[in-house]
Structure formats: C-alpha cells, structure tokens
C-alpha cells in the first residue's frame, strides 16, 4: 500500500483540528448524507437531547402511578429490575453502536437510538405490561449520549470540548426543569392519557428534527471506502472493548472512576423520586419543583461554573471536585430525614453534575479523532452496565430494609414517624457515598493529560493504514483503539483501493 500524497495528508490534518465551519466545506461533496439544516454544530446535538428527555420528563409523575398500579408489591424491587435489564442491554450495545457510528456516520444512529428509546412512550396507556417490557428491551438502543458526544467531538476542537460537553449535559438538565411540572399539571387536570399523547408528539418532533434538520458531522473520508464489509463479532463484543481498556493505564483509571461514581448515581436516579414520595412525603408538585430546582442549578453548574473550573483547576481537579460533591450529597440523602434536608442536598447534587462532562473531556483527549465514537461508546457502555447494576442494587437494599411503596399519598405520617427513628433513613444512598469515595481515590491517580497513552494521529484513516507494516516496530501504538476495528472488508485489495481498518 502506498502512503497517501502530502496534499491529502495535509488536508486530513486540517480536517482533524478544524472548526465546524471549516469541516463543513471539506464535506460539501458528501451528497445526500449531509442533508440537514445549516452546518453541524453543538446546537443540533443539544436540541436532540433536550427533546428526547423532555418527552420522558413529562411522564415522571404518570410513571410513578403506573409503576405502583402494575406492581403493587415490591415496587422498588421491580423498578430496579426493569431499569437493570435496560441498563445491561445498553452496556452490551453501546460499544457496537458507538463504533458503527464511526463507520457509517452519526445521523443514522441518532435517528435509531432516539426512535427506539422513545418507542415505549405510547404503550403506557395501551398496555402497562408491554410498556415496562419495551422499556427493558429499549435498552439496546438507549445510548443516545454515546452518539451525541461523538457528534460533538466531530464539530469541536479539543480545547472546546469541555465547554461543549457541559452545554450538552446542561441541556439534559434543562429538559427536566419544566417537563415534570408540566406533566404533573396535565395529569392532574386532564389525565394521564393527554400526558402520554404530548410526550409522544414531542418524541416524534425529535425524530423529525433529526431526519430533516440534523446534518451529518462525520467527514466522508473518515468512513470505509467500500460497503462490502462484514462484522467481526469479536471486536463488537462489549467485553472485548472493556479488555482494551486495560491496555492503557489512563483510560483504565478513567473507566474505573466512571464505574464507581455512576453506579450509585444510576441507582439514585432510578429510585429517588419514589423515595421522595414514599419516605420523605413529597407530593407531585413538590417533586416537580425539586426536579426544576436541581435542573436549573445543574445548568448553571455545567455552563458557567464548569468552564471556570476547567480553566482554573484543570480537568482532573474538576473531576475530583465533582466527585467530592457527589459523595457529600449521597451521604446527606442517606442521613437526611426532613424535607428541608432533601432540598439542601439537591443543591449539592446539582454542583456534582459537573463530573460527567469533565470525565467525557478526559476521554476525548485520550482518543484519536476518528475513534471518538468507540471511546465514548466504551464509557457509555460502562454507564450502561451501571444502569443495570445500580437500580437493581438500590432496589435490593430498599427491599432488605423493608422500604416499600405502599401508598402514593403525600401525607405519609406513619412512614415519616418510622423515618424519624431510623439511624440511617436512606441506606442505599449512604452505601453509594462509600462507593463514590472509592471512585475519588482512584481518580487521584489519573494524570491531568496523557499524550503517551493514546497517540493523537492527525493523519486520515488511509494514511495511518499506509504505515500498517510498521506496527511491529517499537514505536508506541494507541493501546485502547489499536484493535477496535469491527469491520473487515470482504473485497480484495486492488490498485487504488486499499483495505480500510477502523
């Protein structure tokens, strides 16, 4: 195989570090795959995330009711199992979908993940059993964040990504500011059927936006030269992806940090609203107001504060600060027995939301420009594993401590009385604080920035493959992504058509 001409190499180097405006020009010949409104930008990704989670936020109150009506016994436990199955399926599929988006582009997988994630929404009123079954199965495609973060990496320079990831995460929080309150109001005034209808319409709007307005962000030259490809299932195996993590100490530390920090967060997210309503005595309005408060503060934390912290403290110290706040708020929830304590801990929880965008920036810095989907897919896969284990773990701990959803009325005098006498009112949250403490200890050993871990090749795919015979040399090879190919071209190499490995 011949090395690519200097002109093409220079062009590809410019492509790897260009701003979205410059990228758009080089992709002008992309054809129909670039259909969309304007140039690819962070705003497209933010709108997709906002609409998807706004639709689900509308169902917050209704879902609590349907969950209790469908599983009147062991509600916490069943909630944990449902979310657990969904999370495990997400773990299995995230590396594959992230890697496929590196091959075929981001837009088709944005469309697929949003469609299948929102597919269960109308089933809530049609058949609750099918609704919860489809929620579990939809975990196969519930990896929108993986593709979104890869999309953002495509359209931003490296030094811009922490801010961009912060905006995307803040958009997620913004989608939950008003949607639960709107859903609670519509449910109380017009019934759950209207809430489900509105959520379905919002989900359809999101799908139409992706289909008609979102342009493709991945350059054509970063994709395979032939469609005659077959899947190498060994490389598509999520456990194989996790094995690659161990080849790079920096990525290994990051992944362990993500696992230990997100495991309690996933459990908390799956059960906290039930906990507020059952144990603390929050009504639907208070729950919606609580979500709005935390959402607004999270937006401020992930935009204004995150940017300032990244500049003043650095990436690693920002992650450590976020983990410290997360540990504090979980311990507060664990020992808290009064409503005001929940509100105060919610403020701390909002500040701790800076952790994930800061970690995503660390991952992006240690991944090659044409492997952002794979790298973010691995992190999303780990989060998916936590989404499976966390809810099940919290549900089991609630079950062991005999905390059950026996009533949905806000006035829970007997439960509150029992809560007052409990030494640890929220055992799962205190357990989560201990896990986050271990995550903090691991994160201490993460280097601020490691260029030696995964080489930052600015040349294009074809150019890097031209040097494939030299991989046996003593030079450093990117340890995480060197075996991340999931595609093997079935066509023989011909003059002018070299085998492409991603």
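Placed from the backbone N, Cα and C atoms, the Cβ positions cover glycine too.
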Going by the topological domains in Swiss-Prot, would residue 69 and residue 362 end up on one side of the membrane?
no
Which listed span Swiss-Prot calls transmembrane segment, if the choices are 18-38, 228-248, 249-269:
249-269
Do the transmembrane segment (194-214) and the transmembrane segment (47-67) share at least 3 Cβ pairs closer than 8 Å, excluding pairs fewer than 6 residues apart in sequence?
yes
In the same chain, who gets a Cβ under 8 Å from the transmembrane segment (339-359) while lying at least 6 residues past its ends?
162, 165-166, 168-169, 173, 254, 257-258, 261-262, 276, 280-282, 286, 290, 293-298, 300-302, 305-306, 309-310, 315, 318-319, 321-323, 325-326, 328-329, 332-333, 379
Verify whether three or more Cβ pairs under 8 angstroms connect the transmembrane segment (317-337) with the transmembrane segment (426-446), leaving out any pair fewer than 6 apart in sequence.
yes
Can you work out which residues elsewhere in the same chain, 6+ from the ends of the transmembrane segment (109-129), have a Cβ less than 8 Å from its Cβ atoms?
48, 52, 55-56, 59, 62-63, 66, 69-70, 97, 100-101, 135, 138, 140-144, 147-148, 151, 192-193, 196, 199-200, 203, 206-207, 210-211, 214
Taking pairs 6 or more apart in sequence, does the count of Cβ pairs under 8 Å between the transmembrane segment (249-269) and the transmembrane segment (317-337) hit 3 or more?
yes
For the transmembrane segment (317-337), distant same-chain residues with Cβ under 8 A (at least six beyond the ends):
257, 261, 264-265, 268, 272, 306, 309-310, 344-346, 348-349, 351-356, 358-359, 362, 419-420, 422, 424-433, 436-437, 439-440, 443-444, 446
